[in-house]
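Participant: Structure below; questions to follow.
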Amino acid sequence: MFSDSLPARVTILGAGAWGCCLETLLREQQHQVTVWSRRYHRPLAAAIQNADVVISALSMQGVPIVAAQLKALGIPPQTLVVSATKGLNPGSYETPSQLWHQALPNNPIVVLSGPNLAAEIEAGLPAATVVASEDLAAAQRIQTLLNSERFRVYTNGDPLGTELGGTLKNIIAIAVGVCDGLNLGTNAKSALMTRALVEMTRIGVQLGAQPQTFWGLSGLGDMIATCSSALSRNYRVGYGLAQGQALGAVLAEIGSTAEGVNTAQVLVDLAGRDGIDAPIATAVAQILAGHMAPAQAIETLMSRLPRAEVLEIQRPC
Ligand SMILES: NC(=O)C1=CN([C@@H]2O[C@H](COP(=O)(O)OP(=O)(O)OC[C@H]3O[C@@H](n4cnc5c(N)ncnc54)[C@H](OP(=O)(O)O)[C@@H]3O)[C@@H](O)[C@H]2O)C=CC1
Ligand SMILES: O=C(CO)COP(=O)(O)O
């Protein structure tokens, strides 16, 4: 295990926008960083050799594949594994950190999630994030590793809630992009985001997360960042669709991962399985599948039966 006073040896899996940004932050803290990508010629075994910390900044589709590769290679039990992906595994509905835990059951797993638009951090702007784990000591080590004057790192003991906040807000950012693309105004956007927070919390709590986590940086915080910035790829997807662009064209223009596009239907299937009401995610999935025009989806949401504004989220018995 690395000492807090020494530079740590960190391997980052994934050389996309987020992996490269984390590399910048870690190098500024004088850590020894190796970045692995399937595009590089360096084998995974060599990249993870002697790593104190392995950070996964892969997009969701890469996680089960690379986790299986790492399982086959084996890593020492003291190596800390950090999951920075925001998504859900289709079919099994597992979160990225759950996949890492299955592959590497003896390693401490830490979730990293928050309002972290990579382009802003790369530009040197200040930001904050959350590192969450059932193993508090592991979360604190990652806090020490990454915390700096421009990247403030908080610990949290609810990894599931922390992870789901980042995952679910991607779907909401698509919805808010639609709202802005249709020029529906500030009142509509405020209503959508507020009800979305209730929906995210309801889903998260049903799945076993703590409600308060959704009011923090990894929930509300990330939702505000992603829903209010044209830097967000998920927001841009919704905006483009509302402006009449085809999904394929918007994604080609963006040229990198917009996880909400893949997560929406997975989440709707999961909500259907568990009987969870998820009207906003359902509307987004319908738009993405081309089953409903953006304006029609808004109409459907607005014509739901009037109800009480219930804000207490019940934990399942
Ligand atoms: N960008 C951001 O601001 C933030 C992103 N995130 C999350 O981090 C994750 C990555 O995002 P980001 O870096 O922006 O996305 P990018 O599209 O920029 O990069 C995705 C990375 O995943 C790799 N990858 C995808 N599929 C596979 C696979 N099958 N096997 C191996 N590697 C694979 C890609 O490799 P290749 O280049 O070879 O395709 C690439 O390195 C997402 O879940 C995102 O939601 C979290 C916080 C901030
Ligand atoms: O997760 C992010 C910011 O926290 C990045 O958002 P996008 O994936 O929508 O670009």
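Don't overthink the numbers, they just go from 1 along the chain as shown.
For all residues, glycine too, the Cβ spot is worked out from N, Cα and C.
Remember, it's a predicted structure, so these values are computed and weren't measured experimentally.
As annotated in TrEMBL:
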type	residues	note
DOMAIN	10-39	domain 'Glycerol-3-phosphate dehydrogenase NAD-dependent N-terminal'
BINDING	Gly14, Ala15, Gly16, Ala17, Trp18, Gly19, Ala118, Arg233	NAD(+) binding site
BINDING	Trp18, Arg38, Arg39, Tyr40, Lys86, Ala118, Arg233, Glu259	NADPH binding site
DOMAIN	44-138	domain 'Glycerol-3-phosphate dehydrogenase NAD-dependent N-terminal'
BINDING	Lys86, Gly114, Lys169, Asp222, Ser232, Arg233, Asn234	sn-glycerol 3-phosphate binding site
BINDING	Lys86, Arg233, Asn234	substrate binding site
DOMAIN	158-299	domain 'Glycerol-3-phosphate dehydrogenase NAD-dependent C-terminal'
ACT_SITE	Lys169	active site, proton acceptor
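Just tell me what is around each of these and how deep it sits.
Facilitator: Beyond the ends of the domain 'Glycerol-3-phosphate dehydrogenase NAD-dependent N-terminal' (10-39), by six or more residues, the same chain brings 47-48, 51-59, 62, 66, 84, 116, 118-119, 121-122, 145-146, 148, 151, 256-257 to within a C-beta distance below 8 angstroms of the stretch.
According to DSSP, Ala118 (NAD(+) binding site) sits within a helical segment.
According to DSSP, Glu259 (NADPH binding site) sits within a helical segment. For Glu259 (NADPH binding site), the same-chain residues 6+ apart in sequence whose C-beta sits under 8 angstroms from its C-beta are Ser59, Met60, Thr85, Lys86, Gly87, Thr167, Asn170, Asn234.
The number of other Cβ atoms within 10 Å of the Cβ belonging to Gly114 (sn-glycerol 3-phosphate binding site), over all protein chains shown, comes to 26.
In the three-state DSSP reading, Lys169 (sn-glycerol 3-phosphate binding site) counts as helix.
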Participant: Which chain-mates of Asp222 (sn-glycerol 3-phosphate binding site) that are at least 6 residues away have a CB under 8 A from its CB, listed by sequence?
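Facilitator: Ser113, Gly114, Pro115, Asn116, Gly165, Gly166, Lys169 - these are the non-local Cβ neighbours of Asp222 (sn-glycerol 3-phosphate binding site), listed in sequence order.
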Participant: For the binding-site residues Ala15, Gly16, Arg39, which sit with their CB under 6 angstroms from an atom of ligand 2?
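Facilitator: None, as no Cβ falls under 6 Å.
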Participant: Please report the distance from the Cα of Ala15 (NAD(+) binding site) to the Cα of Arg39 (NADPH binding site), rounded to the nearest angstrom.
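Facilitator: So the Cα of Arg39 (NADPH binding site) lies 9 Å away from that of Ala15 (NAD(+) binding site).
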Participant: Measure from the Cα of Ser232 (sn-glycerol 3-phosphate binding site) to the Cα of every one of the binding-site residues Gly16, Ala17, Gly19, Arg39, Tyr40, then give the nearest.
Facilitator: Ala17
